[in-house]
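Have a look at the structure below before the remarks.
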Amino acid sequence: MALNLRKNHPLLKIINNSLIDLPTPSNISAWWNFGSLLGICLITQIITGLLLAMHYTADTSLAFTSVAHTCRNVQFGWLIRNLHANGASFFFICIYLHIGRGFYYGSYLNKETWNIGVILLLTLMATAFVGYVLPWGQMSFWGATVITNLFSAIPYIGQTLVEWAWGGFSVDNPTLTRFFAIHFLLPFMIAGLTLVHLTFLH
């Protein structure tokens with residue numbers, strides 16, 4: 001009875017075909033765990049990020065103070081902040097191992113899955129960069145200044161792109177507010193792309 005329900009129920013059938021009766025290659029090994037680890041990383045980053053966003057102020061005069069307040073005065077704020085900051089590093093460790101495994105086993109031959117993966121990597125890098133700017137320390141400010149200035153090397157439209165990214169003529173309050181908005185929205189785009197990535201894989 002349970003077997004029939006698992007295979008015939010509209011919703012349980014999707015779960016069954018994606019997790020239980022999913023055909024897998026004979027050479028599957030521990031290296032295939034990194035995709036699942038990346039999923040756990042993404043969920044952890046979104047949850048901790050939402051909790052941090054409740055206490056963050058996207059203003060150049062208050063951003064650093066709001067992060068310090070989260071770490072010092074919010075219950076377990078230090079833990080949530082460190083999980084989010086170090087979780088980003090763990091995310092990249094897992095993604096590089098995931099890519100390395102993909103190269104080794106020839107996963108790039110599955111073009112749709114691989115191309116979505118490349119888009120996911122670029123989106124993740126953009127998310128990490130704008131997130132790095134948010135605490136608004138010296139490293140954040142100069143990181144934003146140096147990386148955004150790279151766009152000025154693009155002929156004709158470079159300087160316009162830089163000023164558009166800044167929201168003015170230097171890295172200032174408009175830059176921080178738009179970077180926070182981008183950092184908030186991109187993880188949900190990553191979650192959507194992850195589902196597309198898995199759909200092409202399965």
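Cβ coordinates come from backbone N, Cα and C, glycine included.
Per TrEMBL, the features are as follows:
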DOMAIN    1-202  domain 'Cytochrome b/b6 N-terminal region profile'
TRANSMEM  31-57  transmembrane segment
TRANSMEM  78-99  transmembrane segment
TRANSMEM  114-134  transmembrane segment
TRANSMEM  141-159  transmembrane segment
TRANSMEM  179-201  transmembrane segment
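Remark: the transmembrane segment (179-201) contacts the transmembrane segment (114-134), by the rule of 3 or more CB pairs under 8 A. Mean pLDDT, taken over the domain 'Cytochrome b/b6 N-terminal region profile' (1-202), works out to 93 on the 0 to 100 scale.
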